[in-house]
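Peer 1: Structure incoming, see below.
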Amino acid sequence: MFKDLDPILHSQLRLAVMSLLISVKEAEFTFIKEKTNATAGNLSVQVQKLKEAGYIDVVKEFKDNYPNTTCKITKKGIKAFEEYVNTLQQYLNVKK
Amino acid sequence: MSQYEEETFNEQESLQLITTMINKAKADFVETGISAIMWGSIISFCALVQFVSYFYPLSWARYVWLLTFLAVVPQIIISARERRRMKFKTYYSDAMSGIWLSFAITMFLLSFYVNTIQVPYIQLHAETLFLIVYGVPTFATGFTRRFTPMIIGGIACWVFAILAFYTAYPYTMLYYVAAAQLAWFIPGFILQRRYLKAKKQQHV
């Protein structure tokens, strides 16, 4: 019996954000926006959902007198991402 | 319409997306290569001046290495600017800073030691010592970042360190020039080209 894919992660933009954050220690909102080609509004909503799930930490501060948002994956987020990839691999192995 | 509005995607596409995003993060070059170009030029210049002054004495040649201390000021400014421009931090950013800071401290202590110890410079084989130290952060950076030019540069420093042990002064100075070019100037130039290319693509 397969586990269901985590619905928080099984969304294109949220998965894209998590995949970026798993590769770096932390990233600014503008960097994530640039790499995902998402709109600021859509990205804000998805980042908020990831934050509410406890998968990422969001820090808002000032950098050179401008507001700056930094995102960082949490331990819970890393675990969820690993589980998601494992489940994905199980699905793909069966389909082979 | 945003490409992310479509929520239904299969497992294969999901895996493809993960791979693409991880590669995008890896391909982002933040280093401008300016520091490496600056240090490659300064060390080459100082070593060349010392080499030339052996044949054509220059009154100011003995002070030329003080340039390396002066260069710390622009280095601090460059590092601060690059840090400000950085939109993300990798897990090895702090490790790299630690390695290069250790290198700077080691170079300072080694310079102090070489200039204080009461042994003739030639007998000390100081060039060998310095070239060994040059190789450490260069090789470590190349190896950690999978950046072949710096791996080659680091190994070249160690090869020149061995050769310097068996070479008479002032010809050992030419190893400094070659090491500075291979370890920093050329890799810095490659980084600069990659950085400009990445910057250009961002604006397309």
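Backbone N, Cα and C define each Cβ position, glycine as well.
Pulled these from TrEMBL:
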TRANSMEM  B:36-56  transmembrane segment
TRANSMEM  B:62-80  transmembrane segment
TRANSMEM  B:92-114  transmembrane segment
TRANSMEM  B:120-140  transmembrane segment
TRANSMEM  B:147-167  transmembrane segment
TRANSMEM  B:173-191  transmembrane segment
Peer 1: Rank B:62-80, B:92-114, B:120-140, B:147-167, B:173-191 by Cβ pairs under 8 Å to the transmembrane segment (B:36-56) and hand me the top one.
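Peer 2: Between the candidates B:62-80, B:92-114, B:120-140, B:147-167, B:173-191, the best contact partner of the transmembrane segment (B:36-56) is B:173-191.
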Peer 1: For the transmembrane segment (B:120-140), what are the same-chain contacts with Cβ under 8 Å, counting residues 6+ beyond its ends?
Peer 2: 99-100, 102-103, 106-107, 110, 114, 150-151, 153-158, 160-162, 164-165, 168-169, 172-173, 175-176, 179-180, 183-184, 187
Peer 1: Quick test of the contact rule: Cβ under 8 Å, at least six residues beyond the ends. What residues does that give for the transmembrane segment (B:62-80)?
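Peer 2: Those are 32, 34-35, 38-39, 42-43, 45-46, 49-50, 53, 104, 107, 111, in sequence order.
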